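K.L.:
Got a structure for you, questions after.
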Amino acid sequence: MAASIGAVVCRALHSRRHGKFLSIGRGLFSGARCLVAEGETHFGFQTVSETEKGEKVYHVFESVAKKYDIMNDSMSLGIHRLWKDILLHQMNPYPGTQLLDVAGGTGDIAFRFINYVRSQWEHQIRQKLKSHQNLSWQEISKSYQEEELKLPGGSQVVVCDINKEMLKVGKQKAQHLGYSEGLSWVVGNAEELPFNDSKFDVYTIAFGIRNVTHIDQALQEAYRVLKPGGRFLCLEFSQVNNPLFSRLYDLYSFQVIPVLGEIIAGDWKSYQYLVESIRHFPAQEEFKAMIEDAGFLKVEYRNLTSGIVAIHSGFKL
């Protein structure tokens with residue numbers, strides 16, 4: 001009975017926005033998130049058991065894995081690439097950085113990390129060579145070739161994802177693009193990471209944490225596996241801060257994205273869920289408080305594209 005009442009209240013809240021009732025596409029929606037009974041949670045706009053959510057989310061990403069990158073480009077008009085580049089520049093990793101990228105199945109963050117660290121290392125080599133003007137071209141060439149054989153400074157990125165199909169796609173991309181050194185792939189749950197305490201310098205999770213059943217547990221695990229001084233970085237869809245743009249964004253999300261999912265990936269329901277899951281994710285300030293509750297300090301966020309996405313950052317100090 002409690003669950004059914006909760007579902008009715010949830011649907012009522014989701015149909016109300018700025019005092020008006022909206023019905024767009026296949027769902028009624030708003031930025032509100034609803035309370036659910038103990039042991040239950042949200043799967044998009046559905047109320048399901050916590051176990052059922054885990055299974056449903058797994059099947060969503062198992063279904064979309066092969067078309068995941070193409071759909072990201074289509075849904076965001078390629079802007080997701082810029083968002084991820086900004087995340088790497090904010091991280092500003094140095095040679096030797098140990099990165100854990102959670103829910104990073106197809107490798108977008110990992111590959112950017114490798115490119116960024118290599119770029120930093122090559123800059124250091126150029127600066128070093130400038131101070132040795134008398135080196136022969138053979139010696140200069142040898143310096144570059146030796147460093148190309150490994151990821152600079154012992155840097156390492158571990159891609160951890162619960163979904164084997166997503167990791168499979170990531171591994172195939174890595175092989176095709178020539179990434180191997182300093183890169184490993186691990187099947188693991190964000191709520192119970194298979195790593196020792198204080199192991200990584202940086203923890204990233206991009207467009208993944210809203211799919212986690214217990215976000216607070218995932219944040220605690222992020223804190224646990226980071227070294228003292230380590231940094232948490234999360235890139236995730238958030239709350240649009242412009243009312244007019246917000247309405248246009250809602251229209252696009254519910255009217256266009258599921259259609260693209262059907263046309264490109266042959267999967268309307270998975271992309272309907274992904275759109276709905278964004279509306280249930282905590283707004284910027286609320287998520288900031290959750291990160292602080294996990295123990296992180298100096299927590300702040302940066303809105304991108306009027307708050308469509310936000311980068312949250314915190315430190316284990």
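Heads up, residue numbers simply count up from 1 along the chain you see.
Placed from the backbone N, Cα and C atoms, the Cβ positions cover glycine too.
Got these off TrEMBL a minute ago, pasting:
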- THR106, ASP161, ASN189, ALA190: S-adenosyl-L-methionine binding site (BINDING)
K.L.:
With the cut-off set at 10 Å between Cβ atoms, which of these binding-site residues ends up with the most neighbours? Options: THR106, ASN189.
P.N.:
THR106
K.L.:
Over all shown protein chains, what is the count of other CB atoms within 10 A of the CB belonging to ALA190 (S-adenosyl-L-methionine binding site)?
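P.N.:
A 10 Å sphere around the Cβ of ALA190 (S-adenosyl-L-methionine binding site) contains 24 other Cβ atoms.
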K.L.:
When a 10 Å sphere is centred on the Cβ of ASP161 (S-adenosyl-L-methionine binding site), how many other Cβ atoms does it contain?
P.N.:
27
K.L.:
How many angstrom lie between the most widely spaced Cα atoms of the S-adenosyl-L-methionine binders THR106, ASP161, ASN189, ALA190?
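P.N.:
The widest Cα-Cα gap among those binding residues is 16 Å.
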